[in-house]
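Here is the structure we will look at, set down as structure tokens.
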Amino acid sequence: MNITVIGTGYVGLVSGVCFAELGNQVICVDKDPEKIDLLNAGGIPIYEPGLKELAAANRVAGKLSFTTDLRNAVRRSDLIIVAVGTPPLPSGEANLAYIEQAALEIADAMNGYKIIAVKSTVPVGTNERLGSLMRGRTGMPFDSISLPEFLREGSAIQDTLHPDRIIIGADNPGAAEAMVELHRSLTEHVVVTDIRSAEMIKYASNAFLATKISFINEIANICEKVGADVTQVAEGMGYDKRIGPSFLKAGIGYGGSCFPKDTSALIQIAGHVDYEFKLLRSVVEVNQDQRFNVIRKLETIFNGELKGKTVAIWGLAFKPNTDDVRDSPALEIIQHLLDNGVKVRAYDPVAMANFRTLFGKEGVIWCDGALETAQGADALCLLTEWDEFAEIDLGELQTVLKRPILIDGRNVFKEENLIGTEFIYYSVGRPSLNQGVRQQVPVLLF
Ligand SMILES: NC(=O)c1ccc[n+]([C@@H]2O[C@H](COP(=O)([O-])OP(=O)(O)OC[C@H]3O[C@@H](n4cnc5c(N)ncnc54)[C@H](O)[C@@H]3O)[C@@H](O)[C@H]2O)c1
Ligand SMILES: O=c1ccn([C@@H]2O[C@H](COP(=O)(O)OP(=O)(O)O[C@H]3O[C@H](CO)[C@@H](O)[C@H](O)[C@H]3O)[C@@H](O)[C@H]2O)c(=O)[nH]1
């Protein structure tokens with residue numbers, strides 16, 4: 001098929017490259033000329049393993065091109081995939097300004113029948129509204145498809161080429177069949193449904209995954225008080241096929257450009273139809289509080305006196321294998337430490353530049369490596385589970401820290417890693433490892 005993808009963020013770029021890899025002719029459009037120049041020079045504006053190589057191979061093969069010229073791209077394509085941002089407004093609702101603008105630009109460029117497929121995450125009813133907007137602008141025929149995207153950053157190519165399912169929301173059987181055909185080689189689980197249900201599947205999926213994370217984080221918090229180990233609890237729960245093992249990793253809570261924004265948006269979507277989504281409100285509240293467990297542990301260790309201490313931070317991205325720092329828990333944790341007079345030393349293997357730009361404030365000592373960050377610190381907090389941190393020599397780490405205090409916000413280290421070290425170690429929901437492996441589990445008082 002001849003495809004135009006509008007927006008070269010994660011979703012647009014990865015989809016465009018993967019559709020080219022699958023044998024389609026793809027034009028990726030962005031209104032940001034710097035991004036397009038970079039892409040045309042062989043660069044990639046995001047850190048995503050394998051993407052640069054796959055993009056280069058498809059460009060050389062003549063199946064993939066990049067441009068700012070939306071009009072020309074649309075006129076040369078049968079399928080237009082919209083993948084522009086839908087960031088949160090201060091109210092928590094999705095900001096639809098970019099997608100509405102894109103829809104109008106597509107309408108103005110139309111020169112015949114097109115399928116317009118929206119991959120951006122949009123509130124229920126948005127595709128219909130965009131269709132009306134476009135019909136007010138053009139007499140050209142088109143069909144709307146809701147084509148929600150489920151890729152994860154860091155494993156985006158694998159997720160796109162081997163998805164768990166493809167969801168196609170359509171009100172025209174012919175357009176739906178064309179989309180089924182396009183995705184046929186990827187998975188046997190292709191669900192064709194109505195447009196509103198497809199839009200809801202995306203929000204419901206993210207809300208459910210966020211719920212799993214907040215659930216296991218609360219179990220972890222209880223584990224800390226009753227002397228159980230959340231990693232063992234999660235393993236034991238996960239073998240039950242009805243529960244499943246994934247998204248049961250306790251930590252400092254979820255971040256990123258999707259879960260925080262999409263949970264807030266779904267609460268708003270429900271509110272607009274007079275439904276209070278109480279469960280999801282609690283999920284968000286638990287998540288917001290979870291990141292402050294790191295601070296609470298530091299306060300316990302330092303008897304409430306953080307002022308004047310030096311704290312090293314390992315990991316700024318919201319998860320490993322990405323340089324995305326949108327809604328990363330590290331933003332709030334570092335801000336809180338600075339507000340309380342702590343000297344912060346920070347490092348991330350790939351997300352430093354993005355973090356510095358988004359954080360936008362002075363006062364942090366930015367370091368070039370993991371051991372350098374720990375140098376002379378009173379405590380070290382691990383916030384992102386990059387392999388580089390898991391592979392560190394704890395014996396050497398202990399010698400560079402002023403005090404061997406390690407707060408492992410992602411349960412990266414195991415008991416055997418700590419044996420023979422002097423670390424005062426706090427993890428999440430594993431009280432038997434807290435304050436060093438020598439400490440006994442707390443006594444239960446009934
Ligand atoms: N990031 C993810 O992992 C992910 C996964 C699934 C779904 N989503 C959803 O996909 C959508 C896109 O997310 P993202 O993170 O890829 O976005 P992003 O914000 O990183 O990138 C969006 C791009 O669209 C471009 N753009 C905006 N308006 C345009 C226009 N009129 N013409 C051409 N280009 C335009 C911007 O310049 C920008 O480069 C969002 O709705 C998001 O919720 C994201
Ligand atoms: O057991 C877990 C799993 C994840 N996380 C955290 O949850 C956040 C999100 O992680 P992940 O889902 O892997 O990354 P995203 O790239 O944000 O992907 C999510 O958001 C995308 C955008 O909507 C969807 O397409 C994906 O299906 C959905 O997984 C990160 O902060 C993780 O650290 C945990 O704390 N515990």
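Positions of Cβ are set from backbone N, Cα and C atoms, glycine also.
Its Cβ placed at the centre, Cys258 (active site, nucleophile) has 24 other Cβ atoms within 10 Å. As annotated by TrEMBL, active site, nucleophile applies to Cys258.
Per TrEMBL, the feature NAD(+) binding site maps to Asp30, Lys35, Thr86, Thr121, Glu153, Lys261, Arg326. Within 10 Å of the Cβ of Asp30 (NAD(+) binding site) there are 23 other Cβ atoms, across all protein chains.
What TrEMBL records for Phe150, Leu151, Arg152, Glu153, Lys202, Phe247, Leu248, Lys249, Ala250, Gly251, Gly255, Lys319 is substrate binding site. For Glu153 (NAD(+) binding site), applying a Cβ distance below 8 Å and a minimum sequence separation of six or more within one chain yields Tyr10, Glu48, Gly256, Ser257, Lys319, Asn321, Thr322, Asp324. DSSP assigns Glu153 (NAD(+) binding site) to coil, not to a helix or a strand.
Annotation comment: TrEMBL describes 312-415 as domain 'UDP-glucose/GDP-mannose dehydrogenase C-terminal'.
The 6 Å Cβ screen around ligand 2 retains Glu153 from the binding-site residues Lys35, Thr86, Glu153, Lys202, Ala250, Arg326, ordered by sequence position. Rounded to a whole value, the Cα-Cα separation of Asp30 (NAD(+) binding site) and Ala250 (substrate binding site) is 37 Å. Counting only the Cα atoms, the space from Arg152 (substrate binding site) to Thr86 (NAD(+) binding site) is about 17 angstrom.
For ligand 1, the nearby binding-site residues are Asp30, Thr86, Thr121; that is, of Asp30, Thr86, Thr121, Arg326, these have a C-beta under 6 Å from one of its atoms.
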